[in-house]
């Protein structure tokens, strides 16, 4: 009799423990869902191309400029920032050869071939360009570190050029991770905190920008509605802890460069047009795979084809090439001394 009573008591305790564990799981899931679905409530007004009230932020104080610059200075510097797994810190920025199939090479290479070095210098950012998946033993650099390296390298190149050639103009373009970097630099320049003055930037084009935001910059062609994955997944602590900080909207948008910054995004590309349901905090391996671009559908890899994005018969790379060519052809001709 006593033995049966003990068994019954043990069963009751086991049921209570199971119920308590289930309650904990439900509470954790509820908290995560609330965090994921709560509306953004930043301490500062949401970033936009203009601050509230339509008052344009004045650009930073411009550096004094001479009447002429050195004879070896190019009139224009084209900054090309490749995407994930399409660059290397050991590649030659003026003659990159390690990734001949890089998407950006379809733009930068024809430009370098068309214009002489006195008119145009094409600089392809050499950086690690990786995306470590913490659920795989891939020995890759983390997205945070790769993105920061690309940013530092590009800013230094532009700063060095501006110090040596203060009258040189700039054309900036990037793809995927490179588009995030290019967009961040454009945002800094347009808001008076960048490596060069905003009036020296002829234009910016971002292909598959992970921080794309509706109403910020100029949408080109058949872009879908939506926002970049870094905005959709903003403020998800689990990703930051994994070296994948999703940085959200750019503070101040593109500022004074808003009407000179183009956004290109293919329909179905979850990197630049990411609905909330495309990612799941409960399935981080799948989310990380999508973020790396390998599971963003075929769209993310096909901007050099007309399959998912075409404007007036041109692919995204053809459109960007023509856009950049026109900017270079019509750029100022600084005096040389």
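Just so you know, glycine gets a Cβ as well, placed from its N, Cα and C.
The transmembrane segment annotation in Swiss-Prot covers 15-35 and is backed by sequence analysis. Marked as region 'Disordered' by Swiss-Prot: 41-70. Marked as disulfide bond by Swiss-Prot on the basis of experimental evidence: 73-165, 265-272. The active site annotation in Swiss-Prot covers 176, 269, 300, and the record cites a curator's inference as its basis.
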Q: Could you state the whole-number distance in Å separating the C-alpha atoms of residue 300 (active site) and residue 269 (active site)?
A: 6
Q. What three-state secondary structure does DSSP assign to residue 300 (active site)?
A. helix
Q | Cβ atoms near residue 300 (active site) (within 10 Å, other residues, all chains) | A | 27
